[in-house]
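One structure is given here, and the rest of the page talks about it.
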Amino acid sequence: MSGGKYVDSEGHLYTVPIREQGNIYKPNNKAMADELSEKQVYDAHTKEIDLVNRDPKHLNDDVVKIDFEDVIAEPEGTHSFDGIWKASFTTFTVTKYWFYRLLSALFGIPMALVWGIYFAILSFLHIWAVVPCIKSFLIEIQCISRVYSIYVHTVCDPLFEAVGKIFSNVRINLQKEI
């Protein structure tokens, strides 16, 4: 063997047989071994979560960011007492904050369980039912498309070409009468 080529007993030059190159699990060639060692394994179960930025993809920017000023506003000329306004602001903000925490504590884990099961079922159905169904449909539709293509080329093309030639000499003259 020389330079990644294989010379047989009769002097013919071939590429190196696949067994001598190794396989994807135990490569013999250094380039493939380096390529595999550079890939980092990323496991979704062991990744760390960010406790500060809990919406890194900004899913709820336009929905959940509701402040006191977004809900309650007093126009000019109809203001309540300043103390009432401050107490209303504090009551609204604290109630929203703690009631959200209470609901999260009571229903957060059960809802996470429900949504985890739902998306697991959805992923399972997509992987094991939807994609194979679409692939089988595409394989089956190829036969129909070939028959349809033959039909179009043998029947429709000559028919429409003949009709086109018949009407190709039709001329329309428009004259405006005064």
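Glycine is no exception: its Cβ is also placed from the backbone N, Cα and C atoms.
As recorded in Swiss-Prot:
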CROSSLNK  LYS5  ubiquitin cross-link
CROSSLNK  LYS26  ubiquitin cross-link
CROSSLNK  LYS30  ubiquitin cross-link
CROSSLNK  LYS39  ubiquitin cross-link
CROSSLNK  LYS47  ubiquitin cross-link
CROSSLNK  LYS57  ubiquitin cross-link
MOD_RES   SER2  phosphoserine
MOD_RES   SER9  phosphoserine
MOD_RES   SER37  phosphoserine
REGION    82-94  region 'Interaction with CAVIN3'
REGION    149-160  region 'Interacts with SPRY1, SPRY2, and SPRY4'
TOPO_DOM  2-104  topological domain 'Cytoplasmic'
TOPO_DOM  126-178  topological domain 'Cytoplasmic'
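Residue environment of LYS57 (ubiquitin cross-link) contains 6 other Cβ atoms, counted within 10 Å of its Cβ in all protein chains. Secondary structure of the region 'Interaction with CAVIN3' (82-94) per DSSP, as helix, strand and coil residue counts: 13 helix, 0 strand, 0 coil. Rounded to the nearest whole angstrom, the C-alpha distance between LYS47 (ubiquitin cross-link) and LYS57 (ubiquitin cross-link) is 16. The topological domain 'Cytoplasmic' (126-178) scores a mean pLDDT of 92 in the predicted structure. Per-class residue totals from DSSP over the region 'Interacts with SPRY1, SPRY2, and SPRY4' (149-160), listed helix then strand then coil: 12 helix, 0 strand, 0 coil.
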